[in-house]
Amino acid sequence: MAWTKYQVILASTLVITGSINTLSTKWADTLKSESSDGQIRPFEHPFVQACAMFLGEFLCLLTFKAVYYHLRRKNDGAEDRHDLVKGNREFSPFILLIPAILDMIATSIMYVGLNLTYASSFQMLRGSVIIFVGILSVAFLNRTLVSREWIGILFILIGLGVVGVSDFAADNGEGTSYSRNNVITGDLLIILAQIITAVQMVYEERYVAGLDIPALQAVGWEGFFGFSILGLLLIPMYFIQVMPPFNNNARGVLEDLPDALVQMKNNFQLIMAILGTIVSIAFFNFAGISVTKEISATTRMVLDSVRTLVIWVISLALSWQKFNYLQIFGFAGLLFGMCLYNNILILQTYDRVRNAYLQRRENNDGQSEVIINRRADEPDC
């Protein structure tokens, strides 16, 4: 069935805002500005960027409240029928505290990793979450993975290995500012973050999924908790001395919020990049939830893969990284594995091709039968 115009807009919004979110964050990482000590430094404040992302997610809660109260004023029960707000609204928000903490840790680690590696690798390596979700689901949700899912995980592992090799073999000469050690460290941090994200997903499936909480409200509350907790943690981070490559700020500490604000003040492009992160994550979550409801969750996964391709192409166009043919094979392996794991396209395409081949073979066999001409008055033998 063809998509409606509204569904096309939702799908486009999902791809565009999702791409902008990663690219805005990486754009901020590439910008330089005068720090609080008077030196020109790159903007390396991953925890401040993570706070910005959670602020964007918190906007989803404000959107939920605005839509809910608008519908409630109609006094016709519309708030119980609208896809964005219907569901269980009588629950304790603290049920989402643990997922929010896990999300906060994972996002912070991912943004540290993004500081050290390429935006395309960041997006591709996030696909490894399927591996850890599958394994943890077997261990804690008593789920049994079928052979198709295990083969999908195998292809994802192969794809991840190829992406890692492409980063390790990358030319660190002119055109890139990444050292090989930094890139590999960033890749490993991103994979570590996916383990934590997988724990979050399994926890939500076991303890939250059955509560029928509106998705926009759940994202908003997790954004609120993440922003509040991480915002408070910025205080002790200001006093924690760290070693390279994590200390490229004015005081050489884990995070320097005043320094980040000074750099943003001295370079308006940083303000645009941070605003891009905040606004894009809000629209991305809204579009993602809407795509899942209007089309399907599998379509959302496919569109997320398109987002990875868009980020890779734009990163090449902006010279944020050099072309490496290995990444094509790595992306192909990841995409094939994810589609196979989620039972999208692969087996269906195989069945169509096989059925078409068998049908053609049957037609050819029928046409190859020998035709004997005889007179009308000649008896059959």
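Glycine is no exception: its Cβ is also placed from the backbone N, Cα and C atoms.
Owing to the predicted nature of the structure, the values given are computational and were not obtained by experimental measurement.
Annotated in TrEMBL:
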type	residues	note
TRANSMEM	46-71	transmembrane segment
TRANSMEM	91-112	transmembrane segment
TRANSMEM	124-141	transmembrane segment
TRANSMEM	150-170	transmembrane segment
TRANSMEM	182-203	transmembrane segment
TRANSMEM	215-239	transmembrane segment
TRANSMEM	268-289	transmembrane segment
TRANSMEM	301-320	transmembrane segment
TRANSMEM	326-347	transmembrane segment
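The transmembrane segment (91-112) and the transmembrane segment (301-320) are not in contact, since fewer than 3 Cβ pairs between them lie under 8 Å (pairs 6 or more apart in sequence). Below 8 angstroms of C-beta separation, residues 120-121, 124, 127, 130, 134, 148-149, 151-163, 165-166, 169, 298, 301-302, 305, 308-309, 312 of the same chain, each at least six residues beyond the ends of the transmembrane segment (326-347), sit close to that stretch. Long-range contacts of the transmembrane segment (215-239) within its own chain (CB-CB distance under 8 A, at least 6 residues past either end) are made by residues 47-48, 50-51, 54-64, 67, 84-85, 87, 89, 93, 96-97, 99-101, 103-104, 107-108, 208, 251, 253-258, 285-286, 289, 292. Under 8 Å from some Cβ of the transmembrane segment (268-289) lie the Cβ atoms of residues 10-11, 13-14, 17-18, 20-21, 23-25, 27-28, 31, 33, 43, 49, 52-53, 55-57, 59-60, 63, 84, 215-216, 219, 300, all in the same chain and six or more residues away from its ends. Proximity of the transmembrane segment (182-203) to the transmembrane segment (124-141) is established through 3 or more Cβ-Cβ distances under 8 Å for residue pairs spaced 6 or more apart. Tertiary proximity for the transmembrane segment (301-320) is limited to same-chain residues at least six positions away from its ends with a CB under 8 Å from its CB atoms, namely 11, 14-15, 18-19, 22-23, 26, 30, 118-120, 123-124, 127, 175, 291, 327, 331, 334-335, 338-339, 342, 344-345.
Remote same-chain residues near the transmembrane segment (150-170) are listed as 117-118, 121, 124-125, 127-128, 130-131, 134, 176, 178, 180, 183-184, 187, 191, 321-322, 324, 326-327, 329-342 (criterion: CB distance under 8 Å, separation of at least six residues from the stretch ends).
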